Every structure is written in C-alpha cells, then in structure tokens.
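Here is what TrEMBL says about this protein:
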BINDING   Ala80, Glu101, Leu109, Val145, Trp430, Gly437, Val438, Ile439  FAD binding site
BINDING   Gln216, Gly217, Asn218, Val219, Arg260, Arg261, Glu272, Gly437  NADP(+) binding site
DOMAIN    71-227  domain 'FAD/NAD(P)-binding'
Amino acid sequence: MAPRCWRWWPWSAWLRTRPPPSESTQTFGNSDEVRDPANAKALRKKRRRAQMRVKPGKLRFLLDTEEQTPQICVVGSGPAGFYTAQHLLKHHSRAHVDIYEKQLVPFGLVRYGVAPDHPEVKNVINTFTRTAHSDRCAFHGSVAVGRDVTVQELRDAYHAVVLSYGADDHQALEIPGEELPGVFSARAFVGWYNGLPENRALAPDLSCDTAVVLGQGNVALDVARILLTPPEHLEKTDITEAALGALRQSQVKTVWIVGRRGALQVAFTIKELREMIQLPGTRPILDPADFLGLQDRIKEVPRPRKRLMELLLRAATEKPEVAEVARRASASRAWGLRFFRSPQQVLPSPDGRRVAGVRLAVTRLEGVGEATRAVPTGDVEDLPCGLVLSSIGYKSRPIDPSVPFDPKLGVIPNVEGRVVDVPGLYCSGWVKRGPTGVITTTMTDSFVTGQILLQDLKAGLLPSGPRPGYAAVKALLGSRGVWPVSFSDWEKLDAEEVSRGQGAGKPREKLLDPQEMLRLLGR
C-alpha cells in the first residue's frame, strides 16, 4: 500500500485543480516572478513547503472546499446583515452571499435609526458599500421575505439562510389612553425625521409646551435632543425637509425623560448624556435629591457605568462655573430626568381629542442585581404634556410560520446563531439577541454567527452539492410580479438624494416615496 503522503497528488494534477494565475498569485507568485531568475529559487522552496505541508486527506478537503461555491442568503441589510455577509466573504474565498431587504434601499437602522446629528456613526455605510461591491455579493431590495418569498423557498435555494432582519416594531405601553392623538412610539418618531417611508406621514403636533418621553435609553435621549436642538443646527444634516420644517415651528420648550427605576439603572450612555448637558439653548432640570447616596453606591460598578454616574452627579449637584450659569440663565428650553415613575394612564384633554398628560405611578426598587425591579408604591402623580413619545424598547416580529419565534423575548430561539431545530438556518443581530447594544455590539454578534456557519460548512453539516441560489428565487419572484432593486439601482437613488441636498448644503435630501423611487429607476 502506498504511503499516505503528498506524492499521491502529482504536482501537475495539483496545478490543474488550482484557480487561474490571477487568483493564485498571492500564494505562488505571478508570471513575472517566475520569469525572474532571482525569484525562481525562492519560488521552488515555497512550492515544496506547500507540498510537504499537505497530506492527502487534508488536500482532498481543501480541493473540495475550494471547488464548492456555497450559496448563502442573508435576510436584512442593516448592520447585522452586512456584517454577517462581510465575515462570510472574508473567510471563505468562494462563498456567494445574496442580501434580501424589504425596503427599496439598504442599510436599515444606519439610514433610518441613527440620529441625523450623528453623521460619524453613518460612516459605516462606506464599509457596507465595499461589501456590496464584491463580485460575490448581491443586494436584492424591495423583497419582503415571508410575503414575496418564504423562508422555506430560500432554504431550498441556498446552502444556508441567515435571518438578520432586526426589530421593526415597538413595545406597546399597554395602558389606557395609548391610542390618543399625540401619543407616538419613539421608533415612529425617529422614522419620521429620518425619512422611513412608512412614517413619512406621521405629522406630529408640536404646538404644545411640554413633551414627555417614556424610557431612559439612548433612543429616548435622541428624540429629546432632536426636539430641543435649535433648528439651525440641523439644517446641514440629512434630516428630512418635512421634519425640519415642523421643528422650526415647534413650540416645545420642556422635555421630561421618565424612567421607572433610579439613576443607577438608566440605559443611556455617556456620549448621549454629555450631548444633552451641552445642548445649545437648553438647561438641565436635575433634582439633587434623586442622587443622594449615589456616590457611595457607584464605587464598585464597572468603569463605564461609574463614569456615566459621575457625569450625572456633577451635572445635578455641583455648582456650575460662571459661564455655564450664564448659559443656563439664557436658555429658552429645558430637559429633565424623572426617576421612579411608571406610566399608568395617558390622560385625555377635556374634549377627549388629544393627550393632555400622563398619570405616573411612583415606584420603588425590590430585589438586588439583575433581579432588581420597580414596583408601585401606591402613590400617583399627573404630569401635564401635549406630546408623549414611548421609548420603552424595539421589538422583533416573526417573519414566517416555518421559523421558530419566542414572542415573550421577541427573538428567534438559537444557540450561538444556529436556529433551534432548523439545520441550515441561522440568525444574527437584534432578532438573535434582542434589541440591545450599539453597532459595534451587532458587529461582534454577526461575526460570531458567520463563524458558526462556516464551521458547520466545514464539518459537512450543511447540504452538499450545488444549490441554484438567486436564479431559483428570481424565477419565483418574477412569477409573482416582484422585481427586486439592485445595489446599482440604489446608487442611482443615492446620487439623486445627494444632488437634491446640495442646493441646501445638506449631505442628501432623502427620497421618502417608494413610488417616486421606482419612477426614478424607470419602473
């Protein structure tokens, strides 16, 4: 029996299995290097090392892996979708990734969720664009998975399917009066000023003096900041012209940001708090009594939380410098934090036609650590206002009856991104772990899912043999009258938005109407 060594595979046979020279020069040198006698000796050594390293079984696996073209699809083109695709393309040289998106345009919450005065956060779009430009990646917009094509049909067409469609719903307050005019989810309000087509007709009435934001996370501070920012500071951002016009006419002078727990449990981060404290034309309303004893309690907390609390303490309890005193005295607008208050009822105006206030239950904390929860004390207080924005969390929805879903947690049941009991189906981002964290959190999470998928591919746990990929899905969509939007189509719309924004000195003026977008594409 012949020994198990590389000589089972003659060098001529190895060369026949390799990609063309243009794809392999990084390993064995290009034709100019071969012609140069000075490089010949080093090149021969490099080849010998490659031959001696690879045993027959391993070599056969390498050849099979390189010859196979895994067809993978990702559902959702926000950060989770693009970061998952990026990892797959980077770590498998032949994988092809199709990204499906229900909106006509890509980038999800980077486009429709990030505040317009945070342009630096949106720079990640440049990274996603490079991924989309790969010849092994394709974007298919205006395709609603679960409606236009089922998850099972995608699984039949691809070796693996990754669900990265995020959280496109909000947690309801589930209290009386929630349906009154003047009550909006923060998600819808953010979509309105960021140009999400489904929220373009929101038209919030900003003629009141006081707004209440329920929730104390980063989104709560975002909407409070946008309400109070002088409009001239937003004119050079990508906020929609309709929202900017409404904010110019706004009469809102005070915004209360209400949480059911205490200062130590706030969910916003230090960057957003610092922006609120420094917001031009505004002053903070912070009751020093809300922070009694906090200095002692933060000694053992993690450093990021400690720094956040120290900033809050300084803003609430320290006497500001002379210049800051003068700035606050001239401020025409204000914002404040209310702790240990839970919404019990939205109060109507006398005619019942709109919101007039919020009835808040006074709470206290029970339990310790992760088990800490707010419970009502029995006391209540009414907070007058003309606008209520509910910012108590985003929520994912089930996408397809064939996909397991935990309605209580609002996630797809999974283990490290593998969907429970459905081989070949994966998830990443908010639909995997819940709507928490920032973009970098989603990046790490998505890389993990991508790595798990590649491990399963290597272990032979995914379907073998070729899969048709987009060719099969395209035929299905065509038979159903669905015509996807490509990434090059998006780039035409992108150029139009940039052109429209130039006249006003804005980075872009977002297109809001899907029908107008299709007309611009000649559809």
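Heads up, residue numbers simply count up from 1 along the chain you see.
From the backbone N, Cα and C atoms, a Cβ is placed for every residue, glycine too.
Ranking the binding-site residues Gln216, Gly217, Val219, Arg260, Arg261 by Cα distance from Glu101 (FAD binding site) puts Val219 first.
Checked against Glu272 (NADP(+) binding site) by C-alpha proximity, the binding-site residues Val145, Trp430, Val438 yield Val438 as the nearest. Cβ neighbour counts within 10 Å, taken over all protein chains shown, single out Glu101 as the most crowded of the binding-site residues Glu101, Glu272. Neighbour counts of Cβ atoms within 10 Å were taken for the binding-site residues Leu109, Ile439; the minimum is at Ile439.
Of all the binding-site residues listed (Arg260, Arg261), Arg261 has the fewest other CB atoms within 10 A of its CB. Binding-site extent for NADP(+): residues Gln216, Gly217, Asn218, Val219, Arg260, Arg261, Glu272, Gly437, maximum pairwise Cα distance 20 Å (rounded to the nearest whole number). Residues Ala80, Glu101, Leu109, Val145, Trp430, Gly437, Val438, Ile439 are listed as the FAD binders, and the farthest two of them sit 25 Å apart at their Cα atoms. Comparing the binding-site residues Val219, Val438 on other C-beta atoms within 10 angstroms of each C-beta gives the minimum for Val438.
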